[in-house]
Amino acid sequence: MPNDLYDVTIIGAGPIGLFAAFYSGLRSMKTKIIDAEPAVGGKVRYFFPGKIIRDIGGIPAITGADLIANLKEQAETFHPTIVCNERVVDVTKLSNGTFQLTTQNGTIHFSKTIVIATGSGTFEVNRLDALHAENFPDAIFYDVKNLEQFRDKVVAVSGGGNSAIDWAHTLEPIAKEVHLIYRGEDFKAHEERVKALKSSRVQIHIHHEMSALFGINDRLTATTLYCNQTNSTKTISTDALFINHGVKVDLGTMAEWGFTLTDFGILVDDEMKTTIPGIFACGDSAAYPRKIRIIAAGLHEGPIAINSAKKYLEPNAADEAMISTHHEKFIH
Ligand SMILES: Cc1cc2nc3c(=O)[nH]c(=O)nc-3n(C[C@H](O)[C@H](O)[C@H](O)COP(=O)(O)OP(=O)(O)OC[C@H]3O[C@@H](n4cnc5c(N)ncnc54)[C@H](O)[C@@H]3O)c2cc1C
């Protein structure tokens, strides 16, 4: 029920919000998570479900999709209420200290504390909405789970950042040909990856941008590339296009909720307290000196934020949850 009062409401069901929900269960807190997206998983689900993550301790390699499936399963251990498709647009502290959260569809939620795990806000990839791209819905990709569909195909990747370079590398051993199309010259990506790309099979077209798409019915067959240095054009065959033209990130109304914001997010102290008593932040949304924006760092911050929320509600509560190997939930 939206009107029920929760001990903690976590805004954002990305990896960090999900783990915070598990940890709040360890602390016996009645928990709700709200996310603007239709499904949990945050940036990992949205941007890189098919990529392999290798920098989480104890997990040598895992796809984004599998990591989120695991985090969701873990979060559900204590049966939190998970609300998707609702974007929190307003947070107000009522005179009795309860927080009232309003979402974009007018639903009101009540909570004694709030943990913000909203990452960089809501996001949307910049889609290719020119060149009659809508004529080729099955040939234009922003992410994929099944790479085998590109085996022995000709694939073009458009973009010059890490994401474009990663896709070119990923597709190179699978596809017959991979073309990387970039309107600039200096790739905005890790130096070593760019160097490796230059000595790979990938055909690189710098100073080029797509100026037309061709196909038979809805099957893509070719794209024309315009050279912004020479004003010349050339046409290359391609079966599929990967678009990596950046993302729109939207903080929405969050800036008006009353926290102190820095250029990098919501300012927190070492207990993940924001400048509003009763509201805590963790993961990519939280900012403090020497912050690292990776999943492993957020997995540490979520429990700190939850412990602070617990202590806010019950000052005499233990500082932290019982470790899982000794927790009553798992003993029997
Ligand atoms: C291309 C790419 C590759 C990456 N690779 C790695 C990697 O290899 N290893 C690694 O550790 N990290 C990687 N990262 C970083 C990693 O994705 C982030 O550190 C991580 O997702 C942060 O998790 P989070 O839960 O804090 O935020 P997010 O994942 O951003 O999730 C925030 C959630 O909050 C929701 N939300 C936002 N505002 C609202 C609102 N007002 N109301 C309701 N919901 C809201 C959003 O919809 C979203 O679901 C990568 C990031 C990108 C973009």
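Numbers here mean position along the shown chain, with the first residue as 1.
Here the Cβ of each residue, glycine as well, is placed from N, Cα and C on the backbone.
Here's what TrEMBL has on this protein:
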type     : residues                                           : note
TRANSMEM : 6-26                                               : transmembrane segment
DOMAIN   : 6-292                                              : domain 'FAD/NAD(P)-binding'
BINDING  : Asp35, Lys43, Phe48, Val88, Phe123, Asp284, Thr325 : FAD binding site
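Within 10 Å of the Cβ of Thr325 (FAD binding site) there are 7 other Cβ atoms, across all protein chains. Packing around Asp35 (FAD binding site) is summarised by its Cβ count: 27 other Cβ atoms lie within 10 angstroms of its Cβ, all protein chains included.
Maximum C-alpha to C-alpha distance over the listed FAD-binding residues Asp35, Lys43, Phe48, Val88, Phe123, Asp284, Thr325 is 37 Å.
Proximity to ligand 1 (Cβ under 6 Å from any of its atoms) holds for these binding-site residues out of Asp35, Lys43, Phe123, Thr325: Asp35, Lys43. Taking a C-beta cut-off of under 8 angstroms and a sequence separation of 6 or more, Asp284 (FAD binding site) has the following same-chain neighbours: Gly14, Ile16, Lys43, Gly119, Ser120, Gly265, Arg293, Gly298.
Across the domain 'FAD/NAD(P)-binding' (6-292), mean pLDDT in this model comes to 94.
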